[in-house]
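For reference, the structure discussed in these notes is given below.
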Amino acid sequence: MALKEEIAKRRTFGIISHPDAGKTTLTEKLLLFGGAIQTAGAVKSNKIKMHARSDWMEIEKQRGISVATSVMGFNYNGKKINLLDTPGHQDFAEDTYRTLTAVDSVIMVIDCVKGVEIQTEKLMEVCRMRKTPVICFINKLDREGRDPYDLLDEIEEKLDIKVRPLSWPISMGKTFKGVYSLYNKTLHLFQPSKTKIEQDGEVIEDIKDPIIDKEVGESYANQLREDVELIEGVYPEFDVNEYLAGNVAPVFFGSAVNNFGVKELLDCFIELAPAPKPRETEERVIAPDENKFSGFIFKIHANMDPNHRNRIAFIRVCAGKFERGANYYHVRSDKKIRFSNVTAFMAQEKELVDEAWPGDIVGLYDTGNLKIGDTISEGEKGIYKGIPSFSPEIFKEVVNKDAMKTKQLEKGLNQLMEEGVAQLFSYELGARKVVGTVGALQFEVIQHRLKHEYGASCDFMSMNLYKACWISSKDKKKLNEFVDSKYRHIAKDKDGKLVFMAESRAWLTMVQDNFPDIEFHFTSEF
Ligand code: G4P
């Protein structure tokens, strides 16, 4: 019974946005409500400022901050909320994609001045792939932004998801009056406050109520009535199941920095957002309330202290109760495994925990046994699905600069890849190794860390590659023939899966046409 209750209490989610839309600010305000922090300004932004792009100390510092803010747990209105942080810098998008595999829902922050930006589009693609329920928060209403109807249309169009406003702004910018909650029919008047927590709104039984005219003035009140009528006419009634299925995104308006609209968002969020749901392994679907524990590793933080090669592996508990010190099963290596040093992340403090429930994230101290994507269980033999690698965008060949340190280079590269810093593709031909990343910054990070943590040095040689495509075929013979005929362009990923390294889009299309029996995939899971 305890298990079912604990599951029902959990809300595990991530906030995504284009940098600067207000993710850090919103995170901070949510933590204020949860009592996890007492003052504003306590959450450090984990974004790497533009001027610090190649400042190594800065990147190292960011790694430190990001381990502290990786997971922020707090209690609010009887719910246990786990907020997973995602890196804002687009070069670390792969990290964000992986974090999104560990959440049950997402809040997407959009800047009302800038609208939907490119990074949001990419992240939304990942949410769509997984059918993750999304709530939109349109931020910065204290600025002259775009017309709310335009913003909603843009979200539908660019993010390919239907929207349903659950609150509506009364003007914006200098004349911003507040928001009307269509969800629980309350009026919230805007009072800028960077430090205080907003009060409950005023309940308005009837939109015609003259109290609205008194509060915001007659013309704004009439505009609001028109808007509400239009919205109720144009948008179908909000259906929570459509949201839970990832088809409709409820939309809220507010101003995070002014702590406005945030409480409403949070109150609706804990009511609407899903508790942990069943998840699929290679063998079957596992419900969170199954008695036996299982979970998967989605993030690894390594070598925070270069003198101690310890790493923290972040596991998402999917089913059953996790207990510190218990004997578990490491599916990939087919071995028993025990964790005695386990931390949970509450209110930005790391604390030792003895147990965790589905939806929780715990940090396991590891000496190098764990990899991203690993499943740990109480006997379950299937590996959790849904933690794919995506084709990188930039590829460079590794050139060893110090032949005496070849072993160190290999070890360092392997460990950094296990940590998910980048992807390594090994060609049989000439034993060439190619690193693939989403952004350019990772190459500098890899070089720096190889040198400082492993004493190895390498160069990267640019390669003209378009995509890495994982290949498969129902016909084994055809696959072998393909590999033989294209052996110069075939590599293996970290798990030994076959990858076709395509040089250009046109060439890939041609190869696809010529080999209809081969399937080409842009993610490692198919
Ligand atoms: P990010 O994590 O998504 O990158 O964004 P972040 O919260 O750091 O916010 C980016 C900038 O937008 C910050 O200003 C922040 O204060 C501002 N901001 C956030 N919410 C609002 C809002 O509701 N209204 C307005 N007008 N601004 C908002 P900054 O100048 O970059 O940093 P700071 O010095 O103010 O911290």
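A Cβ is built for glycine as well, from the same backbone N, Cα and C atoms used for every other residue.
Of all Cβ atoms in the shown protein chains, 23 besides its own fall within 10 Å of the Cβ of SER17 (GTP binding site). Here TrEMBL flags 17-24, 85-89, 139-142 as GTP binding site.
Over the domain 'Tr-type G' (8-277), the average per-residue pLDDT in this prediction is 85. Taken from TrEMBL, the feature domain 'Tr-type G' applies to 8-277.
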Secondary structure at LYS23 (GTP binding site), reduced by DSSP to three states:
helix
